[in-house]
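*Asks:* According to Swiss-Prot:
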type	residues	note
REGION	758-833	region 'Type E motif'
REGION	834-864	region 'Type E(+) motif'
REGION	865-960	region 'Type DYW motif'
REPEAT	79-109	repeat 'PPR 1'
REPEAT	146-180	repeat 'PPR 3'
REPEAT	248-282	repeat 'PPR 6'
REPEAT	283-317	repeat 'PPR 7'
REPEAT	350-384	repeat 'PPR 9'
REPEAT	385-419	repeat 'PPR 10'
REPEAT	520-550	repeat 'PPR 14'
REPEAT	551-585	repeat 'PPR 15'
REPEAT	586-620	repeat 'PPR 16'
REPEAT	652-686	repeat 'PPR 18'
REPEAT	687-717	repeat 'PPR 19'
REPEAT	723-753	repeat 'PPR 20'
TRANSIT	1-64	transit peptide
Amino acid sequence: MEYAVTNMRLLSNMMYSASAISFPRVRLHCSIPTEPSCRRNPFRQSNQPVQVPSPKLACFDGVLTEAFQRLDVSENNSPVEAFAYVLELCGKRRAVSQGRQLHSRIFKTFPSFELDFLAGKLVFMYGKCGSLDDAEKVFDEMPDRTAFAWNTMIGAYVSNGEPASALALYWNMRVEGVPLGLSSFPALLKACAKLRDIRSGSELHSLLVKLGYHSTGFIVNALVSMYAKNDDLSAARRLFDGFQEKGDAVLWNSILSSYSTSGKSLETLELFREMHMTGPAPNSYTIVSALTACDGFSYAKLGKEIHASVLKSSTHSSELYVCNALIAMYTRCGKMPQAERILRQMNNADVVTWNSLIKGYVQNLMYKEALEFFSDMIAAGHKSDEVSMTSIIAASGRLSNLLAGMELHAYVIKHGWDSNLQVGNTLIDMYSKCNLTCYMGRAFLRMHDKDLISWTTVIAGYAQNDCHVEALELFRDVAKKRMEIDEMILGSILRASSVLKSMLIVKEIHCHILRKGLLDTVIQNELVDVYGKCRNMGYATRVFESIKGKDVVSWTSMISSSALNGNESEAVELFRRMVETGLSADSVALLCILSAAASLSALNKGREIHCYLLRKGFCLEGSIAVAVVDMYACCGDLQSAKAVFDRIERKGLLQYTSMINAYGMHGCGKAAVELFDKMRHENVSPDHISFLALLYACSHAGLLDEGRGFLKIMEHEYELEPWPEHYVCLVDMLGRANCVVEAFEFVKMMKTEPTAEVWCALLAACRSHSEKEIGEIAAQRLLELEPKNPGNLVLVSNVFAEQGRWNDVEKVRAKMKASGMEKHPGCSWIEMDGKVHKFTARDKSHPESKEIYEKLSEVTRKLEREVGYVADTKFVLHNVDEGEKVQMLHGHSERIAIAYGLLRTPDRACLRITKNLRVCRDCHTFCKLVSKLFRRDIVMRDANRFHHFESGLCSCGDSW
């Protein structure tokens, strides 16, 4: 009898473990009935046959209730298997309260020798119900644990998110010498997959080979899944290829799922096609894996083909799981109309369906549509969850729609989702993008649980909204909490430090990075950029040279830093070195280098860069087109700038504004006005910047009436409140027209308090037209508003010098010296043979300085002899004798650059020169005479505008 009972228990254990422990995925994927056909129903009576439905159906058909009733009726006569069966039903239905009742009855009913078998069933039931404490208690109290009990406890740990405990129990099982059966391994391999423990997984694989179980179908499935989740797809593929019996769809699903979840789209789809041609018929899980692999626009066609095959199948076309996967596929491929069509055809859409659509709208930048869809969803009575709220709050943030964001925040609080970590992080980001840092801070403080993303988002939010001190304080909190700091936090805090221009803080963060070993290429690139913005090129260069694997961002950061600190020539040289390394410049690098070429007025370099970007396939559109137009304009080649502008297919406000500005720089005011009118005719509405460029053009072309009219149009027609810069242009315009008194009256009648720039423009007009009284007032107001601006002090000093007030000049210069302020030295540069040559006043550092000065003296003597040139020393604003004044004029940087150009270029070649300050009137006369006598066109760009000298005349009309 005992022998029979023992055999019966073993048989029951084998059947139970095979169906419930070893084959859970197989049962789901292949629709194999949970109850084996040979399993005997313990409630069957000889005189009344009963057909017991599967446990899955029992959850809904009342079999559990019926089973309890039968136990109540015939408790004393019920066999052990009846209680085991009811425990199994409790586990399947997660009916833990009924299971506990049954637990109590079992220990009251059965003798101890029969409890071992039922104890294993109790462990299974509690594990299925998620009650690990009860399962552990039953397991620990078992005097004689069977192999089934060990396996069941391992499975309970794995299914309840305790894979480490499962592996620990396995090692205890090995120590106690419990024999291993085939059913032990699937759960253990799943634990290794969850823990990403490739070492333990490989050991289990070796043990399976030793025991001869490695070629069993469901074991191969588990091994494939384990290796794939440990990022060893090659091992998973070797197992799959080496397995001969590929008639099981579950095996194909395992390898397909492995490739799909690892982002191997092409390999997944190739396997799917192979399965379709040679393997078993795909089931719903196969289709979902294939659809998951269709990620992006390039896979849209394949996704449609899979969709077509689904429609042909009457089985899969209506399955919720498949329909949701189809919707997700179309959203990833950017095909939102197709995704919506599937939703309209579904009768069983769930919250996952709605979430997929909302997420799709957000991923495809259709934020407004996402908000409308969510509103319709709620109005139709459908429920949302934390996932949908995360997506829809993100959409409102991208739109900077504060009202919608606050309404969603209230909705979240109402439903109790504000404690959700992802929702909280998204709320922080939304308020950050809406520039509402006070609400962002409150949302952050209200979060019960904060992760690294929470801290990163709030620090980035403060940094992006110019709350740099708050960002630094939070960073210090993160450091104190010893949290793991990632590159996102470091990037945000470094950018905040660069805005504050605090070298002390930057060095402190740099030291923290070095101490924690966080230095990588991304952080090094950020450091180069930050040190450059803090005007410390020494540190920037040192960090840049220490980068081992320099990428395009490294070079771009260094190029940008060099250009920012006035080292445009170095920026051009860095770009050349980058191209020689074989790296291709991106749009950011091209924008930086085009700006550097524009600053240098290096036309040849600019043309080389233009050719480079065309060779690399960059389109002349957007910011690239604007930069190329600006480069040619700043290099004095207005014709090329116009040609590039004409080739731009889609002209927007930025493109029109750049060309209007180009016309203004070259004194072509009428052309600027005509282009502005054309822009308005094309229904492109101007903004503050475009009006500023237009007023600048009118000012330098003497179009006073037009300028006044455009200021009125700006205010009344477009309802744009003028900036101080617009008023500066009008004051400058009036000053150039010798309407200094009217300019002064305009300044006094301004709606807003005049800025230092307005008084500076008025003072410059007074200087040009010798208006002493108004100039005195303007100088006084300028010094009151910006007493420490060296440019303003130099202007005031020059005004005093022209009036012969040398004592006042000395006072101003003494004030500058005491404050440590220095006047920017005048310098000019000229591009020659692909190199930019820079000269300062009376500069003798050039290798050819002897020949240059000889040429300059020769030119000056020829001008004096043939056209009667006499140096106008009244423009020398120093209290020295006449001879010294003549020598000072003779050594001005633009004259040295002209002499070098005459020395190194052939006759009649155009000279292109750039000066960082306004060209003085005597040098202006000198340039006109050189252009006439030597038959040279000279294009000079000074701090105010371009001068085109030709045949003794200048494009500025001697007014600049």
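Every residue number used here counts from 1 along the chain in the order it is shown.
Cβ coordinates are placed from backbone N, Cα and C, and glycine is handled just like the others.
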*Asks:* Using a Cβ cut-off of under 8 Å, list the residues of the same chain at least 6 residues beyond the region 'Type E(+) motif' (834-864) that approach it.
*Replies:* 568-569, 572, 600, 602, 604-605, 825-828, 870, 888, 890-893, 895-900, 902-903, 926, 929-930, 933-934
*Asks:* Taking a Cβ cut-off under 8 Å, which residues six or more beyond the ends of the repeat 'PPR 15' (551-585) line up next to it in the same chain?
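*Replies:* For the repeat 'PPR 15' (551-585), the list is 521-522, 524-526, 528-529, 531-533, 535, 537, 540-541, 544, 592-593, 595-597, 599-600, 602, 605, 609, 612-613, 616, 836, 838.
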*Asks:* Per DSSP, what is the residue tally for the repeat 'PPR 15' (551-585) in helix, strand and coil?
*Replies:* 26 helix, 0 strand, 9 coil
*Asks:* Using a Cβ-Cβ cut-off of under 8 Å, list the residues of the same chain that are 6+ residues beyond the ends of the repeat 'PPR 14' (520-550) and lie near it.
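*Replies:* Residues 487, 490-491, 494-495, 497-499, 501-503, 506, 510, 513, 557-558, 560-562, 564-565, 567, 581, 583.
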*Asks:* DSSP on the repeat 'PPR 9' (350-384): how many residues come out helix, how many strand, how many coil?
*Replies:* 26 helix, 0 strand, 9 coil
